[in-house]
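A.B. asks: This is the structure I want to talk about, given as structure tokens.
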């Protein structure tokens, strides 16, 4: 009989790429688990071809999320899953509660997507005088609650450095793209094109890309920047583009289906990943950079990201995002050195095929789950 596995988030939409389409799907396809995916309802239809049972939760305001925790607890108590895979830090409280309340508790795995203590320490909405005060008790509580977990998955390599005393099995599983592509060859756009794909915000470089368009246009006019994705402030950035008179060189194009977006990447010349310096970003490997690799295009990335990766595979160049001139100079380098851009793109495509793809991470995830195969439940 198949074991039951619950894959749970009370925050993320049910169609989250990492949580559902990569991790849950990999587990359902490669292990003997009957997978139930529990996450938040969104506009995406759940009527898809999948062996996974999808249970959607209502999208609630932050202060009412506890109601979804109650719904999750009722499902767990009723169905008695063998394994529970949690994706939200607030659900660590649920992990503790489950271990206390269930006579035969399930295996609980915590998937750490973000470094919450670092987010607290750098959050501008919190007055600086209170950040350390809030960070320390959170760290103590988090580590205490994580003792209820039987395994921990880290989404970034540097996250586990803060948890040296964990005694349960751990693994780093990166959010590398699951793209099947045999060749990066597509005709390039006539105009030299920089492209960004992902969430849109000031921290993720939206205003910096507008600044780049404005300053680069004083040196060259034969380029454009395409920004693909969504964000709460997109309309503000669109208005700023018009106000500053740079709509000829940069456009915010909204969300696109992945197949269409990936074709745009392939037809572009250079990808952008100009995240501003932030404690939660340091040491991260932006998924968009791996998508650029898969599309066979080089990229410009913040100088605090992926430096070791670029030594191994020189498929992009970095720039200090607090220095606009440095970013402009790197953009000019690519415009004026088309062959170098092509060579770096080919290097990135090779890197994607050899190392930076979901198949490598799927193997780590499946191996990690094997730690619990012989556990008596």
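Placed from the backbone N, Cα and C atoms, the Cβ positions cover glycine too.
Those TrEMBL annotations? Automatic predictions, nothing curated.
For 53-155, the entry in TrEMBL reads domain 'Glycosyltransferase subfamily 4-like N-terminal'. Among the features that TrEMBL reports, domain 'Glycosyl transferase family 1' is placed at 187-346.
Tell me about the setting of these features in this model.
C.D. replies: Mean model confidence for the domain 'Glycosyltransferase subfamily 4-like N-terminal' (53-155) is a pLDDT of 88.
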A.B. asks: As a quick check of your reading of DSSP, tell me how many residues in the domain 'Glycosyltransferase subfamily 4-like N-terminal' (53-155) are helical, how many are strand and how many are coil.
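C.D. replies: When I sort the residues of the domain 'Glycosyltransferase subfamily 4-like N-terminal' (53-155) into the three classes, I find 56 helix, 19 strand, 28 coil.
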